[in-house]
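J.: The substrate binding site feature in Swiss-Prot is assigned to Asn17, Gln49, Asn69, Gly79, Asn80, Asn171, Asn205, Glu223, Arg224, Gly233, Thr234. Look at Swiss-Prot and you will find Cys78 tagged as active site, proton donor, backed by sequence analysis. Look at Swiss-Prot and you will find Cys232 tagged as active site, proton acceptor, backed by sequence analysis.
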Amino acid sequence: MSLLANRRFLKMHGAGNAIVVLDLRGTAVRVTPAEARAIAADVHSRFDQLMVVHDPVTPGTDAFMRIYNTDGSESGACGNGTRCVGYALLDDPAMARPAENGALTLETKAGLVAVKRITERSFTVDMGQPRLRWDEIPLAEPFLDTRRIELQVGPIDDPILHSPAAVSMGNPHAIFFVERDPDSYDLGRIGPLLEAHPIFPERANISIAEVTGRDTIKLRVWERGAGLTLACGTAACATVVAASRLRMIGRAARVALPGGELSIEWRADDHVLMTGPVYLEGEGTFSPDLFAGIDG
């Protein structure tokens, strides 16, 4: 029987991004890819990202997070999910532990992130520094300037999309800037083709962005390992960084996604801050039947 059977979880969302939070602190239990896929497939626990909270690894941090996509793969970062974990660790009766000034330091395989409460339902996450070198993103070929890389969709002489920016926020992103509504593009068809393009050795999140004002952006995202999503916090961060590097905006913007709005600031110290809402939908426990045939 899976060791996840009968364990409690929280069902949450941040700007429409469906999040499941699972607390495994105090145990040696680890989620397998097959278990993550089973959780994602169940109507009661369906998620865009599964945020699994483990005991801290690095002294001075509050917890270690493992982040799973719906296909069972792991991600190094999830901004919306991190806000939800922040809420759970500060407010959920079964998970909360004292934190100074409503602030937490969390660790993922990509590094440290700081979470701070702004209001009852709003949190800011310090997503750290963007990675802009081709080998840090990573890309399969050396590009001296990742503000635009050579990649296009459609005919050579009349491409549908071309020359995306490439940025890593702990996970790789390609952002296509366009001059019409991102909703007018068939991202559900384009996204999976580009996600697995050979230029991205670790696959990539694919975004289509329209700069609608000096500090406003409209964004659609195909999320690596998850598909079309209502919101992606790291994509919003990567898009603001990319747009700022291209001098389309300043260093801060409100990013409108189908599920809601996120406020992003790329500070002078190179750290990217993301502020947005969290919502608790409910809680549940995993049925043993959910993991039938899976060894935990």
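Note: Cβ is positioned from N, Cα and C throughout, glycine not excepted.
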J.: Test of understanding: give the count of other CB atoms lying within 10 angstroms of the CB of Thr234 (substrate binding site).
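T.: Thr234 (substrate binding site): 33 neighbouring Cβ atoms within 10 Å.
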J.: Within 10 Å of the Cβ of Asn205 (substrate binding site), how many other Cβ atoms are there?
T.: 28
J.: Between all pairs in Asn17, Gln49, Asn69, Gly79, Asn80, Asn171, Asn205, Glu223, Arg224, Gly233, Thr234 (listed as substrate binders), what's the biggest Cα distance, rounded to the nearest Å?
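T.: Answer in Å: the longest Cα-Cα distance is 17.
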J.: Could you state the CA-to-CA distance between Asn205 (substrate binding site) and Cys232 (active site, proton acceptor) to the nearest Å?
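T.: Answer for this pair: 9 Å between alpha carbons.
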J.: Translate the DSSP assignment of Arg224 (substrate binding site) into the three-state scheme.
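T.: It is coil.
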J.: For the binding-site residues Asn17, Asn69, Asn80, which one has its C-beta crowded by the most other C-beta atoms within 10 angstroms?
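T.: That would be Asn80, with the most Cβ atoms nearby.
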J.: Suppose the substrate site is Asn17, Gln49, Asn69, Gly79, Asn80, Asn171, Asn205, Glu223, Arg224, Gly233, Thr234. Which further residues of the same chain have a Cβ inside 8 angstroms of that site's Cβ centroid?
T.: Asp48, Ser75, Ala77, Cys78, Gly81, Val221, Ala226, Thr229, Cys232, Ala235
J.: By CA-CA distance, flag whichever of Asn17, Arg224, Thr234 among the binding-site residues is nearest to the residue listed as 'active site, proton donor'.
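T.: When the Cα distances are compared, Thr234 comes out closest.
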J.: For Asn69 (substrate binding site), which DSSP three-state class applies?
T.: strand
J.: Spatially speaking, which of the binding-site residues Asn69, Asn80, Arg224 is closest to the residue listed as 'active site, proton acceptor'? Use C-alpha to C-alpha, please.
T.: Asn80
J.: For Asn17 (substrate binding site), which DSSP three-state class applies?
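T.: DSSP assigns Asn17 (substrate binding site) to strand.
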